[in-house]
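Asker: Dumping the structure here so I can ask a few things about it.
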Amino acid sequence: MARAGGNCGVWRSLVLLGLYGCSVVRAAGTSVTVDRHAPASSYEFSMWVEKDGVSSSPQIPVTTAAPNPVRNLRVEGQNNISISLSWEPPDQSSLQGLTYWTQCSRHGGQTETRNTTDTSVTVDGLDPGSSYECSVWVEKDGLYSKNETLNTSTAPNPVRNLRVEGQNNISISLSWEPPDQPSLQGLTYWAQCSRHGGQTETRNTADTSVTVDGLDPGSSYECSVWVEKDGVYSTNETLNTSTAPNPVRNLRVEGQNNISISLSWEPPDQPSLQGLTYWAQCSRHGGQTETRNTTDTSITVDGLDPGSSYECSVWVEKDGVYSTNETLSNTTAPNPVRNLRVKSQNNFSISLSWEPPDQPSLQGLIYWAQCSRHGGQTETRNTTDTSVTVDGLDPGFLYKCSVWVEKDGVYSTNETLNTSTVPISASNPVRNLRVEGQNNFSISLSWEPPDQSSLQGLTYWAQCSRHGGQTETRNTADTSVTVDGLDPGSSYECSVWVEKDGVYSTNETLNTSTVPAAVNITSCISTSGGYGVLLTWSCPSGGYESFEVKVGRKWRSENGSLCGKGVTVSDLEPAQSYTATVTTVFKDLKAQSLSTTCHTESAAIIAGAIVGILLLFILVGLLIVFLKRRRKKRQPKEVPKDLVCSCPGDILAKDFADHVRENEKDSNCGFAEEYQQLALEGQGQSQITASALENRSKNRYRNVLPYDWSRVPLQPLQEEPGSDYINASFMPGLWSPKEFIATQGPLPNTVGDFWRMVWEQQSHTLVMLTNCMESGRVKCEHYWPLDAQPCIHGQLQVMLISEEASENWTVRHLQLFHMKEQQTLSLRQFHYLAWPDHGVPYSPDPLLAFRKMLRQWMDQTTDGGPPIVHCSAGVGRTGTLIALDVLLRQLECEGLVGPFSFVKKMRESRPLMVQTEAQYVFLHQCILKSLQKPAPALVPEEAMYENVASLVYENASAIMAHESEFSASGC
């Protein structure tokens, strides 16, 4: 029978297997195992049945043998989400058509399967830090080899939030949060700190913190932490930090005085001293702490309290890491005693007393007193009292006695005086001690010799001492001596005693003074149109009490505060030359300056003014005649004489309307008469400070100067002549002579002075009655902030808090902060906008409403200083508003009102208050309106000199009324 795969020449009832040849296997059952075949090879099987030598037809299935498994399966690497495997191919004849399958399974969890035709694969998508069983098998033609299996793990995730918990000089403590992964079992954390080019220290732990010790002090380290699980490591988390430096060595006090302690030390014992900063801190228990730093190994901590105990610490910083402190206790030196003096002395002792030092604490003080004789004996005593007797001294000797203070072994500086014990057998004292003469720098003394039998071998000692200051001592064998080297204008106590054979008599003493120094006249300027001069001189060295000023035959005495400020001498003749001297006076001793020649101005200006005044007289006379004729035509009856040019006093409220109507007749003739009577009020008062050379630039208008007696003084600034001056005056009110302050609108150079005045007076209220610019001319500097950005003026900071604007006024809430005193002052500025330049408001109503609002605010803020009111010059609009407020309150309180009397009173405190007749009339109209009576329209006018090189008349009649003695009689 023919058989597939060739003729094998064998015919039996059996199963035939063909493999490039033939193999025959007999089987009596229904299955058979064929071995010794090649793996992963294709075979053709023929199967038939034989019985009794007869065979069935063959059945021919085709099949393949399974491949062999892979060899040498191994892990090539892993990270936190994958495992990389590799292997060698199976040991078989053919490797064609092989597919490798890889599967990694986590117990009870995730399984990931991959296949490849290579001999390596990466299984990803795994969980970090997890154990996996990984298997690899081979597939060919749908048949699979056996599995090769190994166990491995993914790398853990890195730690989170690695940080330094602390460090000292040999260790760094690290902490972290565990990795973010499903399982934290079986984790080991490794920490390693490495110094560049040097030491490395490694530690491991199962906790989330570790201390790496054995490090070098004051060194920079890179510290890394990683996680291990099953021998697999995470990536590193790394930070840079440093160990603390070692502490300083041998900390010691090098010295101290009453306000500081000087410390020194040796640098720390460590490999590197680069980049070290040393910090020193001295703390007083329950009180002050002062801290300083340096890169040196010594420092002085100052700003301490005298005679106080401090704990002083020094530590080292490097890269923001600090060593431990080295600490010692020490005390600042006490302040010296005050007012050391001799209470008494006898032959063998000197009793001293003093006042305790000026310092916070007087506890634990010991006072030491020592009296020493030159080249000889020294005696020292101590006490806790403020007086002591130093005994055991030799009689009749001069001693230098010193007293100092000790606290905690630290000593103050010495206070010293010279005195002597009483001699046992010495010369009698000198007689008739007297001053023979003195000059700026010396005092000449003379005396009669002592009353005794022998005058041989006598030495006279003279000593002049200034209280709390200089002492000069001289000796001579004569009965006179000049003690020089003294200060001019100073009081001295001068003593003379006798020495014989080293033994001293008692002292004879007198009080005298040196002559003051003469001044140097710096300028003499003509003023008042040639009728006066302004004389200025420099302050002399030394002391002085007053100055005698002489210009020609004019003589006056001025107090000592006027040096450097200038004095005006009046009643001189124009176009003349005068000899001027200034004599310094101290204790009835005088020193006259070198004379200078002063020249008054030419009288040409005055002559022109006189001609102008005469012409004005003529014009006014013609005007008076015209008005009188007009009045006679309009009013047949003659006006009673007691109504012409009368000076009205207080007027009853019910009569005020009649008073106004009467004055309004004949074009306000009555008001004109009243106002003329006010023209010269207040003139002739002293304005020396305002006229001083250094203050001239601070005045906006030359003819509006505050009187000396009523001006608002500022606290003077050190070494700034004229810094106490501002053009401002205290003004009377209803209840007080200083109820208001009237001032000019600030100039650019006086804004700081203006805010100083507000602060010093503690005023809560500013009233501004002008606009900064009017009719194209600057009337006031813009002295408050424009917005939220504060303005700085010296020590004062001005802030705008809020602003409320209405049709006729604006109210600003301001805050003043004193940067040195750290104090705040709140205030409001009431800015009236509707007062026209060179005029008066069109109606009383807005001003009355403004005044009512202002008065309500002032009644609420009674704890501060006086309200400060200004316009441009601080006289016209300012005077009108002050008068209106006071007179309306007078009406409310008394039922009376006296405009004339109050304006007169204001002009006694500041010139030109209620500056124009129109303002005077408007004042009456406002009062009348407040009594519910109508007010007529007003004619505007305003006047003053501008502070410019050429004087400009803004209102000739008002200025003439103020500066001349002209007074019109009648209308």
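Cβ coordinates are placed from backbone N, Cα and C, and glycine is handled just like the others.
Grabbed the feature section from Swiss-Prot, which reads as follows:
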SIGNAL    1-27  signal peptide
CARBOHYD  ASN80  N-linked glycosylation site
CARBOHYD  ASN115  N-linked glycosylation site
CARBOHYD  ASN169  N-linked glycosylation site
DOMAIN    247-336  domain 'Fibronectin type-III 3'
CARBOHYD  ASN293  N-linked glycosylation site
CARBOHYD  ASN382  N-linked glycosylation site
CARBOHYD  ASN440  N-linked glycosylation site
DOMAIN    519-603  domain 'Fibronectin type-III 6'
CARBOHYD  ASN520  N-linked glycosylation site
MOD_RES   TYR945  phosphotyrosine
MOD_RES   TYR953  phosphotyrosine
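Have a look at these and tell me how they're positioned relative to everything else.
Answerer: The Cβ neighbour count for ASN80 (N-linked glycosylation site), using a 10 Å radius and every protein chain shown, is 20.
In the three-state DSSP scheme, ASN115 (N-linked glycosylation site) is classed as strand. There are 13 other CB atoms within 10 A of the CB of ASN115 (N-linked glycosylation site), with all protein chains counted.
All chains included, 21 other C-beta atoms sit within 10 angstroms of the C-beta of ASN169 (N-linked glycosylation site).
Residues in the domain 'Fibronectin type-III 3' (247-336) partition by DSSP class (helix H, G, I; strand E, B; coil) as 0 helix, 49 strand, 41 coil.
Long-range Cβ contacts of ASN293 (N-linked glycosylation site) within its own chain (separation 6+, distance under 8 Å): THR277, TYR278, TRP279, ALA280, ILE299, GLU317.
The Cβ of ASN382 (N-linked glycosylation site) lies under 8 Å from the Cβ of ILE366, TYR367, TRP368, ALA369, VAL388, GLU406, each of these being in the same chain and 6 or more residues away along the sequence. Under DSSP, ASN382 (N-linked glycosylation site) is assigned to a strand (E or B) in the three-state scheme.
Mapped onto three states, the DSSP output places ASN440 (N-linked glycosylation site) in coil.
Secondary structure at ASN520 (N-linked glycosylation site), taken from DSSP and collapsed to helix, strand or coil, is coil. Within the same chain, the residues at least 6 positions away from ASN520 (N-linked glycosylation site) whose Cβ sits under 8 Å from its Cβ are TRP537, SER538, SER593, LEU594, listed in sequence order.
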Asker: Counting only residues 6+ away in sequence within the same chain, which have a CB under 8 Å from the CB of ASN440 (N-linked glycosylation site)?
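Answerer: Long-range Cβ contacts: PRO488, GLY489, THR514, VAL515, PRO516, ALA517, GLY542, ALA591.
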Asker: About how far apart, in whole Å, are the alpha carbons (Cα) of ASN80 (N-linked glycosylation site) and ASN169 (N-linked glycosylation site)?
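Answerer: Rounded to a whole number, the Cα-Cα distance is 36 Å.
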Asker: Would you kindly give the Cα-Cα distance separating ASN115 (N-linked glycosylation site) and ASN169 (N-linked glycosylation site), rounded to the nearest Å?
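Answerer: If we compare the Cα positions of ASN169 (N-linked glycosylation site) and ASN115 (N-linked glycosylation site), the gap is 56 Å.
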Asker: Within the domain 'Fibronectin type-III 3' (247-336), what mean pLDDT does the predicted structure show?
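Answerer: Computed over the domain 'Fibronectin type-III 3' (247-336), the mean pLDDT is 92 on the 0 to 100 scale.
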